[in-house]
Every structure is written in structure tokens, then in C-alpha cells.
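First the structure, in the form of C-alpha cells, and then the observations on it.
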């Protein structure tokens, strides 16, 4: 077995042996890290191995929690009690200072437990209030930092496996303090030349500490100096702690090189490796011999047993008890100063750093000293060694000099600490047993009384024992090992310490396979062993220093009387420099201002981006105005002179808007930046105009109060500008003959006195409510009351008068329309240019309650322009033209003349040129019933009983009689409708169908008894309760957006789960990392948001996969996922992500601050790949974290990119500079690159971004490749047409293989405007057409420039038009309509879009005699207000003109009724019915499509379809719009499908 192990070891260490024919290394070279010393237990004594325990660990929880207060005394109190005493007492054994520091050197070779552990755990030492050293101000909150040491990670998990500390050096006496504890460390010390250790400029000194050699570089507590400069490279990490330890390191450094030189002379053919290894083994052997056989007996006054050979089963591991025993006993002998002398026994003065001279080197001011002025040369070091050899150490007792007790080097935070208190904490950290347990375990006699600890001390100074006993509450069993062992020491270490140390060295010697006396390891011959045994430290000093041996005593560890060079006197603190006081440092000192500036700069990123965006928007707007100027000839041609720039104040909660004020004869005109007229103020006598001028804040405000209108408040830049306008106004008003009154108010009072537009609107709303309450007998509570304590402005509601502009606005018409002029002139009886309450009421009573004769007479008077009692044919044409103006000039003059001639001819007035009122009334004879029963259907208003009676009477009319208007039936109760709605009832003619006379005029044949559709709108009672409206609004919101809510809930649940998972991990499960102990809130916030941000910024890419979304919309997934809301979801994700990004940044700001004030020992645990704890303590500054780390720098750049992208992507700037948005949004590529780099540095955790990013990135990349494969084909524009209202019609080639469906959209880029800027537009062409067409409205710079570019070119039109890039189609079509013989298309709001192409397609196919299965289409559009479908008028008109076979029937439902007393809707309702009867066209659109007011009655409508199309067994119903509407359609289809008749197949899409 032994042979096999030896063979394996030989193979293992073969790499250490140089190759060659002649190999002078004939032995097994010892490893530097201590491994494989014992061939059975390879790890014994290796670097990083656990310490051995002689006694079981003593922890509070039995595992790792140390004991402490209140069970044990305060360490500082205990230190002051035990170790305080006088200095200058000589060693009773005459031990020298050299022996003391040689003991420290031996300890550094054997053990190191000072290195802080990870995660960082602190056992800070609380300082008692009023401590003269550390708390002289009696603050009571002072603590000395103490960090627990490293432990074996395999321990500390259970009471059976308590925490064991780890030794950071080898546990062998193998010269690791000289050569290092690893091969790499040794290589860093070597010169690789002639076997020597590397030296600096002076061959007597090693080179300075530098990377990769990582020496402990603690700051100098006396001067604060730090850094590696002045620290030498030794094998011991802390070899530079004191000049005295440093001198011993230099001694062995020089001794090795001395031996290497000697061997090189003896063996000139040896290589560097042979020389180094021979010198190394000789130096180690000498070191072992001196430590064990010379120093240890002088230290213990005991000798080790005779060496009997290597004992492989003996564990040589260092014990925790040995660490405390050896170091603490040595600390009692450290003097306050150290002498220096030369070989001739001259004790020289020491030059201090302040240039003063003292008799000795003060210990407390020498810790971690760099480049001390008295230690600049090898001779200085020699003098220090000689001085330590002649100086008697302090007495071996329990007293520590103040240099050790109060001025021991601490961390940079506290430059000083208490050595004994720190050792006590270290013992508790190591789990050392109590004093009594240790004695019992080591076989020593038990101690039962405090006096028995040290009888000599009890006799000489019993107060120390008594005070110590008091601290432990007289309980000897709680006395700790360290103070107990210290108290029992007298002359020599006490029995406990002596036993521990002796036992440890026996195990070290006998268990070391490489011990120099082991003749079986092949290291030395017996002769060489004898030479080594005869070598003493005196021999080493003589050889290195090159002095006469008589200058030193034979045993340099003890000085006896008669030895050479006695010390002048025993040193005490007297006559020595005072110790530098403790300094408390703030790591963040001097960084506050810069840190604040940095954070402020980061916060300014959005502001800088806003400024940039504003500049770009201004430049783009300037170009936009220049382009628009060419299309404003009608406005520019007006002579607007005297214009002045100002800001119009619109109200307290409204933003100010820039305006231009122009003074013209008889009026003041206010326009905006685009020269669009915002307001015209008429100046007519005898008006009285009031000026109110501000008297403070720069006197820049002007209030112009105009009677019967809202006020105009203008803000100017300078008082001079305001004054100039006032002067011009005075002149203009005097010329107009108007009186002026001026006064001044403070600006705040002026704005409170102003009547704003919003206040005027509320005033008019009350006006209209009470107006209709008078006409329709509406409940006063519904109309709105006027309390007595209401403001003056509200009480004036009934006395206010409407201007012409307000009257026109209330009708939704233009002030210059002829209809408005006619009605206003008729109503304005006093001719003052305003309508009073009474004037409006008089004309409204006629419209709402008058007889047919009164209503026709009113219309007659309106259009009797010359007032001669006759309406000429021209006036009749003007009357119709007034309606045509309202309907956007939908009929030409020829068509209008034809209609008038036809109406005159049918009434028998073809020979008349003028009509009397009787003739005019005769022409309207067919509408008597409609005029009679014209009532205003107001939600919440009961229908008059007379109407109900008429309904009841109408139900008994036979089939061959004409029943009243179904509008009357619509007002009956639901039960009445259900009982009276019979097939016979459905045969009554409807007011929604043109009257028989009108149909005959246009050649339409009417069958008296054919089934008709029930299309009258269903109206509901309007609930005015705010609670009811809120509940209904919430219910509609949930109903309309249930898919959106579901998807958003799932998405945010995932994001929230990711946040909570990371937050929980770092709050509760990451204690082993230690980062939460440093920055809990910051790390939880930053890591939680980072997880959510990674998820959001990854999956936001899917919302831009247009091709994928287009495909998925046509699958069943569209019923669950609102793919149409992808862009809105994109914005929502982006908004949430930027909020989380800000929170993420805030979290890291907190982290950076805390990292900037955390010592290096903590940071090295948190970031082991970034920091190494070298004792320097000083953390990196804040700017290092921000700008010199990959995550920090990329994070700052990411914030800048996000600021730019988000600002330019805002709705405001996107409208003003789409190109800016387009270009900045392409920064997303750089954004994702930086995100990957940002997270891949693994500063805190392993990269996780790729987990979220990979799948969306692949999908997005594939989607982009699909787009790139087609959008780079140049498309020629066939036709470009400039239409009114800034609309550009483009018709261009259809690419080969381009298939699309109705309602889909494309993205185009104009090559003349840039090949990378794409804009989305809906296709307005039908799928059957050979070309594609778009209708583009000039609403921004790009579309305006597009309109300019496609203006009429010269030469060949097709060749001259700039070409396009095309990408698409996107979206989903609605194409199953052709599978049904009868189809019903129901569009709600914008949901009508997909049906426009369907209508065109159907009409086209029917017009070319194409075989089409679908024979009839009913198109129903439900919209809130008539203004929402003005853009569709041209398409529907085209359908009507081409629909020669009457395939399409269009019905439009306006859901906004007069329940809100909206005059516009009410009057247009009346005018619509009148216009429909007269001209068979809608007043709003000029179409033959029927316009209804209310909601469509789907169930009666579908029932009537079964009567109209009895032969059709299956009808397709297609609905697009809000979910509430499609749900009602679905419900109606389900109810009808319960009958065994026609089946209604419903297909719906929600918008």
C-alpha cells in the first residue's frame, strides 16, 4: 500500500521536476499550497482547510451564531478590566523583542484567520458611553467594526456540523511566510534568475507589492496613507503590518538569496529551478529548526519530546485554540517602542515622520507604515534587527501597552481599534470554548475559584480578578478561554496556553512528511540535518547582516546579563512620540456634490431630449407652414392687417395657445399659427367694449369684455406690445362708433373676472335645457335648476343671447351656411344680431308643437328672402341649396334644377314662377301626418297621451289603410310593440322609405302590400343618476374591453410574478450572497424591475410582428386576443417599461450610494470577480460605478437612448416630426445590443435577459425578413389626384402576387422622401381591382410633402411620379359575406371600415354581370354622431350610383339623441326628416341611405327580414365594432334562431 501511494505521488509531482539528462533534484519537491503532504489525507494542512477543534464549538445556536451580550461581557469593558496597566515593565524571563516578533512571523507562516468571510457578517464592538479613547463625547452610539472571518463552506449547517473557520495559509511550518501559500504566489516572488527571489532597485529589498501579487495593503492608521507603494512582496499576506515583522521578512528574503548565491558558486551548472529548490529546502529546514528548537523553548520554557519520525496518522491541522493562545500571549510582550542599534552597540535615534528624533521607533505609529524615514536602507533594517535582539520585551502578564490595546490598526472607517477586544470577538467568532471546558478537555486540573486561576496575581492585584468575575456575574463557567488563559499567565504562558501551544507544535513536527529531520523523505542527509540543527537565528543574522558574531548574544530570543549590547533602559511611553489619534472617516466624503450633479444630469436626459425634439419640431413646423402656405390662398387673400402675436388664456385648467390678433373694419379676428380663424368678434354700435388691463406681473395681460359673448384674454411678452394693441383697438373702436371703458386689476383678479369659453358653454347648456323644458314640458329637475344662491353668471343664463356663431355651432353648421342665415334672420326679430331666449323659444315652439300649417308657414317665411309673400323658383332653389350646403354639395346644379322642375310639375305648378304660401303648403300635402306627429323624442320624457292614443287607434287599422308613421309606434311601450308587431302590421309604409309620390318621380314602382323592414330606431329612457351612469360606463368598459383586460391581466401577472420572484429571492433567499445586508431596498427594487423590464422589452417585439399578427387575426385566437390593439398594447408595454426603468435606475442609484460607502471587504464578497480584498478598505467612488463599469456605462447610455426614443415617440412630437420619430425609433437595435451587454456582465447575478429575449427576437427577425423580402420592390404610381380637404388620392401598380382582403392596410415609403420612412394607410381599393389605391389626408409634414410631390407633373405623368416602396398587407379582411344569398353587415363606429371594400366589390361584380351568389346586402352602421362618417360619404355615394340592381340597402343609426338637450342634434333631426321626404336624400350625407336616431332594433329587423326574404333559409350576419354592439347582434340572432325558420349565422369582429 505504501509503495502504491509513493508511486502515485511520484507521478503526481513529476511536473515539478525539471527534465534533463542530469537531474540534481533527487527528492520529492514540497508543494507550496500544503496539499498532499499527507498521502492519505491529502487536504490536511493545505491552504483553505478548516481549523481543528480541541474542544467542541461553543455557539449560541449550536451552529454558527456567536455568543455575546448579555450572556458575555462587553469586549471593550473586558479589555479595559484585564489589559489596562502600566507600560515599561521588563520581561521576567528577559525575552527579547526579536523573539516576540519572530513568534508573530511563525504564526503568519502557520495560520491566518483575519481575512473577512463572505457573505460579510459583522460582530461590531459596542463602545461603552464615555470611553476616553473611542467615545470621549459620550455619544453612546459608537461601535468598532469587526467582520467575521472566513469559514469552511461545508460546515455551519447543523448542530452536528457547526461552523469551522478556514485557514488562509498552509498549516505546515513550510516557509509559506517566505515563499507564499500557492505556486502562483511563489512565482510572483521569484526572479527566475539564478534561483533567487526577485529584488527591487536595492538588492537587499524585494520588489514592491504589485499585481498579480496581492499583498494586504491596509492604510496607515497614523497618516492615512494607502496603496501598495512602500509595501514589499513577501510570502505572508500581512508581512508588512509592522516594520519589525517586515524586517524579519527581509531577513529571510536575503537569507534565501544568500543560499542561492552560495549554491550557484558551488554548482555553476545548475539551472534556476535547481538553485531555487535547493535554497528553498535549506531555508525551510533552517526556519523549522529555529522555530521549534530555539524559539519555542524560549517562548514556553519547555522543550518538545525527541523526534521519533514521521507519523502519518497524526492530524497536524492548526487548532482554533492555538490561534488565540499564541497570539494573545505574544501581544502582552509587545513594547511601546523598539530600539535601533548598530553592530558597535550604538543605540541610534529614530527620525519620525514629523522630522523629530526619538530614542525608539514608536509601535503605534508604525503599523502599515510605508517608506519610514528611518528604514530607507538595508543598514537601517539591520539596525532594527539588532535593536530588537538587544531589547527586553514587556512583562509576561495580562497587561497590554496602549499601542496594542487602544491604538491597534483598525479599518479605514475607524483607524484604531482595541486589539484585545478584537481578539475576544474573534474567539467568539471561532466558537472557542469556555476556559473551564478547555482545561477539562486538555486534561488539566479543574478550577473552581477565581483566585485559583492565578494565585500570584490574586496575591499582588486581586482587583483584576474581582472585576473580571463581576463582569461574568461571578460565574466561572462563562469565563472565556482567551481572558482565562491570559489571566493565568505569569512569567510564562499559563498551563492552558502552554499545553495548547506545545501540543500543536508536536503535531506540526511529527505529522509533517517534509520535516527536515525525516530521513525517509530524501531531503537531507544526516550530516546536513546535523548542520541544520546547529544553525541558530544568530547564525542567520550574522550571515545576512555580515557582522561579527560577538555583536549578538548566542540566543537572540533571550538576553542574559553579560550579553553584548544591553539596552539603555526599559522603554515606556515616556519620551516617545504620542500615538496618532483614531480617525473616523466617511467613505462618501467629498463625493456628495458630484453624486448630486451626476443624478441631476441623468434626470436631465428627458429634458435634453425634449429640447432636441422641440427644435426638430420647430424646424419641421416651419417647413410645414411653408408647404401649407401654398394651399391657403383663400385665407391669405383676406386682408388681415395689423396682426399681433399673443397667447390666449382659455381658462385655469386649459393651456394657453398662441394666436394672432387682426383688426379689421367692424370686427376683430383671432387666428392660430396656421392662419385658421379661431374667432371673429363683430363690433357694431351700440355695443360697449370694456378693457381690463393687468397692473402687476409685468403688466402684460389684456382682458377684452364683449357683451353677450365670452371674454378674450391675451398675454403678451412685453407691456409695450400690449399697449400697441390697445392703441390700435381704441382707434378702431372710435371709428366704429363704439364706447370704451377701461380699468386696471391685478392679474389674478382679472382672470377670475373673465368669462371663459367653458363658462359660456355651461351657460348655454342651461339655456338650452330650460328652453326645451318650456317647449316639451320636461321635468324641471331634468332640465337643471337655477338655485337662488348660484353665481351671477348662472342666473344670467335665461337672459343671455346667442351670437350667430354660437347658433351655428349648436346646429353643427357653419355660420355662413344659407340655412343658418335664413333661420337666424327669421328668429332675430329685433335685428340686434343675437337670439334671445324668447326669440329662440318662439321659433322652436313652431317646429316642435306647431300644426303642419304653422310649420310650413315658418319654412315659407324663412326662404321668402325679399319678404313679398311669394317664393320664386329661384328662392325655392336657394332653399334646397341651403340643405345641399349642409350635405356637403352632394348634388350638382343640374340635378337640383331637375328636382325642382319635377316637384313643380308633380304639383301642377309647372307654369308658375312664384309660389304663395298656399301653393307651398300644397306641395307639402303628403307630409301632413309627419308634420302633425313630429315630436322630439327625449330620453326620460313620457310620451304625451295623445300620441299613445294615436298608436292604439293605429293598431286597429286594416291592411288596406295607411297606418301612422312607425316613428309613433316606436314611442309605444315594448308590450304594445310586441302585440301589435304582426305580419300585417309590417306591411304599413314606413317613413324610412320614400313616399309614393317621390318614388314615382324617380321611376320607382311601389307595391302597396309588400313586406317592409322594421328599421325604426329603438330609444331608451335616459338615466341622469351619476351613480347609474358610472356603473353603466364601467359595465360597458368591461364588456367592450374584456379581451384587452384579459390579455393585459395575463401579461402584467407574468411581469408582476417575475418582479415578485426576484424581490422574494433577494429579500429572503439571498442571504448567502450578503448583498441584501448591504442594500436591501435598492437590490430588491433594481432586480425585481430588471426581471420585469427584461420580459417587457423582449415581448414588446411581438407587438410589432405585423405579418404574424395579420395571420393570427384570421385564426380562432382572435376571439381571445385583440390583435387589432397591438399598437396600443405596444404603447402600454412601453409606458410601463419606462416607469419600471426609472424605478430600476432609482434602485441602482441607491445601490451605488451604498456600494460607495461599503468597505472593500464587503464589496469583495458581493463582487468576487470584480474586487479583491487587499485590506485597503477604500471603496470605489460613485463615478467608477456609473462610468467605469460595463453595467454602469451601458445603463447611462441606455437611459439616454430611452429618453430620446420615448420623447420622439410621444403623440405630440410624432405628429410634428414623424421622420424624427422614425429615425430615433430605429435606435431600438442599439437598445437591444446594449441591453444584452448590460446584463451579460453578471455583476450581481448570472445573465437572464436571453431567457426572455431569444424567442421574441427570433420571431421578430423572421417577421422582418418577410417584410424585407417584399418592401424593397419599387412600385410605379399610375395616378395621383389632389382632392379637397387636403386629401391625396394615389393609385399605383399592384405587385405581382399581391393578394389582400377588404379592410386591410399597407405601409408605404416614397422614394423622393426617403427609403426608410414608412407610413401606414388603409387600402381603399377593392380586391378585384387591378391597381391599388390610397386616400391620404395631409395631416403632417410627411403627408403634406407627399401632396406637394404628387402635384400635377409636366411631361409623361407615369414616368414623372416618384415611385413607392410597399409593405403589407396587414390586418384582417371580412370575406365570408359572399357565401350567403342575403348578408347583413353591421358596423359600429370605426368598424365600418372593412365593409367599404365589400360594398364596392359587390356592386362592381353585379355591374359587370359577374356571377355573384349574394343577392342582397343590408348595411347597418351604428355611430354616435353624424360627424363620424363624413369621410365615408363618397364611397357610399359611389355604391349608390353604381347599384342599378338595388343590391345594397344602407341604414345609418345616430345614437346621440336629445337626451342631453343638444340643439344641434334636435334641429338636425327635424331637418333630416323634412329633407328626406322632400328630396329622398339624407340631409347629413346627401345619400339615399336612411338615417335614424337611436339604436337599431336588431330583433324586429331580423324578424322582418324573414318576411321580406321568405325563400332564403340562411342569412349571414357580419358585425364589426365594440363588443357591446356585437353582443346585442349575437343575442338577437340567438333569439331568432330559436324559431324554426330562417337561420341567422353570426360572424363578428371586435374593434
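In case you wondered, yes, glycine gets a Cβ from its N, Cα and C as well.
Swiss-Prot assigns residue 1071 and residue 1361 to topological domains bearing different names, which places them on different sides of the membrane. The stretch in 597-617, 1045-1065, 1081-1101, 1149-1171, 1189-1209 that contributes the largest number of Cβ pairs under 8 Å to the transmembrane segment (1227-1247) is 1189-1209.
Same-chain residues lying 6+ beyond the ends of the transmembrane segment (1149-1171) with a Cβ under 8 Å from its Cβ atoms: 116-120, 145, 147, 411-413, 586-588, 591, 595, 599, 1073-1075, 1078-1079, 1081-1083, 1085-1086, 1177-1182, 1185-1186, 1189, 1192, 1242-1244. Residues 1094-1095, 1097-1102, 1104-1108, 1232, 1235-1236, 1238-1240, 1367 of the same chain lie 6+ residues outside the transmembrane segment (1249-1269) yet bring a C-beta within less than 8 angstroms of a C-beta in it. A strand conformation is recorded for residue 834 (Ca(2+) 1 binding site) in the three-state DSSP classification.
Broken down with DSSP, the topological domain 'Cytoplasmic' (1210-1226) shows 14 helix, 0 strand, 3 coil. Here the Cβ of residue 839 (Ca(2+) 1 binding site) has 19 other Cβ atoms within 10 Å, regardless of which shown protein chain they belong to. Mapped onto three states, the DSSP output places residue 828 (Ca(2+) 1 binding site) in coil.
In the predicted model, residues of the topological domain 'Cytoplasmic' (1102-1148) average a pLDDT of 87.
Each residue of the topological domain 'Cytoplasmic' (1102-1148) gets a DSSP state, and the totals for helix, strand and coil are 40 helix, 0 strand, 7 coil.
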